[in-house]
Amino acid sequence: MRTWKKGTAVASTSTLDNVINLCKRRGFVFPCGEIYGGTRAAWDYGPFGVELKENIKRQWWRAMVTRRDDVVGLDSSVILPREVWVASGHVGVFNDPLTECLSCHKRMRADHLQEGHAAKHGIADPDSISLEEVNCPNCGNKGQWTEPRDFNMMLKTYLGPVEDKSGLHYLRPETAQGIFVNFQNVLTSARKKPPFGIAQTGKSFRNEITPGNFIFRTREFEQMEMEFFVEPGTDEEWHQYWIDVRTAWYTDLGINPDNLRHYEHPKEKLSHYSKRTVDVEYKFGFSGSDWGELEGIANRTDFDLGNHSRHSGKDLSYYDQANNKRYLPYVIEPAAGLTRSLMAFMVDAYTEDEAPNAKGGVDKRTVLKLDPRLSPVKAAVLPLSRNSDLSPKARDLAARLREHWNVDFDDAQAIGKRYRRQDEIGTPFCITVDFDSLEDDAVTIRERDTMAQQRVSIDKVEEYLGGKLLGC
């Protein structure tokens, strides 16, 4: 959170709770199926939440696909043949160690228990901790755990009228495999050659044992992934390139660099497909551990194309005509969580400062200082009152601006309260149509962060906003 006092940003430990409350109050995020009691760690995105999500996806797609000549897009199926997941290794090794408290019978991930205990007690190596030392987070009893057992995290479904092995399929736990099985299709149809990438966004599903931390860890989530195919031997250089590019994307969209760090996965904890993985982490301020993963950038080598070649019998190698050689491309994968990114952008933008009120004093003001490219609403048109002359003029202006941007119209309550509402959802510009507008055909445009106001001719409003909302 940014709380401004004499120009200095001061961190607050309550920022995360404030953002969660704001999300629920202002229609960013709602509990799923709330009228029926809800589903644990499942969330619906309201009017402002869905706009913010779409804006983040749009900026990711522009940065990763449309602004580059070496990356193309794909939209693969959520349900893939079972054989895909056998070949990828997910059926065999996509497991987490699950243990059960003998007192309250709550099941939890053993590694999460160790990591939480290590963070609480300042222990460097979580693996050195025996479960006998760990208290149950649910009931408080110490050391009463079953032996950890592997638990497969993929969600099963059956296609067809009979629930037997022939109809067994899985909801994808990652979007990556849909890209790998389409490698040759894209290679030939898009006329690409390594180094090049295939990107996609979409829903994935994991039967998480311990979901939580609001929208951070859920069983249904949205990914933004790209698989970048390179010649073996160039993979380490490309890996570092994508670590740098992806980190810069977050800071370009307003994340404070001090709230980001890189986490290098220890070799003994690498995923089954990875030669090296570096996470971009954000300082969320979670209980027990401040940091959480935003994005993982992995060097998957030729693991995926090699396995799919062997299991399918199809040759997925690339023939380099210029050098007269054939090879299986290595893969560099930047994989970001969309809702985790949304959460980070909101936490980083959350600000409390002071604003003058109508009585000559000051009130506390909550502001989401989002980059305008991400703001759910780009401008709000606010007639000073519901006067029969002002409202039509204001509505006409709002309709004109909606041809270009997502624009709100609000004529309820005092103008100061309407400003506060727009500040809370991150609207960069408020446009007031007042009684002077009837005479001079001009409006007052207020800027969110500085609260500075400028008089602009009503026929120049689009031009004015166009210069301020570049890239939106």
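For all residues, glycine too, the Cβ spot is worked out from N, Cα and C.
Between the candidates GLU163, GLU174, GLU281, Swiss-Prot assigns the substrate site shared with ARG109, PHE221, GLU222, GLN223, MET224, GLU225, GLU333, PRO334, ALA335, ALA336, GLY337 to GLU174. Cβ neighbour count for ARG206 (ATP binding site) (all protein chains, 10 Å cutoff from its Cβ): 20. Spatial neighbours are here defined as Cα atoms within 10 angstroms of one another, and by that definition the neighbours of GLN223 (substrate binding site) among the binding-site residues ARG206, GLU208, ARG217, LEU338 are LEU338. Checked against PRO334 (substrate binding site), the binding-site residues ARG206, GLU208, ARG217, LEU294, ARG340 differ in C-alpha distance, with LEU294 being the nearest. The C-beta environment of PHE221 (substrate binding site), restricted to residues of the same chain at least 6 apart in sequence and closer than 8 Å, consists of LYS203, SER204, PHE205, ARG206, GLY337, LEU338, THR339. Per the record's binding annotation for substrate, residues ARG109, GLU174, PHE221, GLU222, GLN223, MET224, GLU225, GLU333, PRO334, ALA335, ALA336, GLY337 show a top Cα-Cα distance of 26 Å. When the C-alpha distances from ARG109 (substrate binding site) to the binding-site residues GLU208, ARG217, ARG219, ARG340 are tabulated, the minimum falls on GLU208. When the binding-site residues ARG219, ARG340 are scored by other C-beta atoms within 10 Å, ARG340 scores highest.
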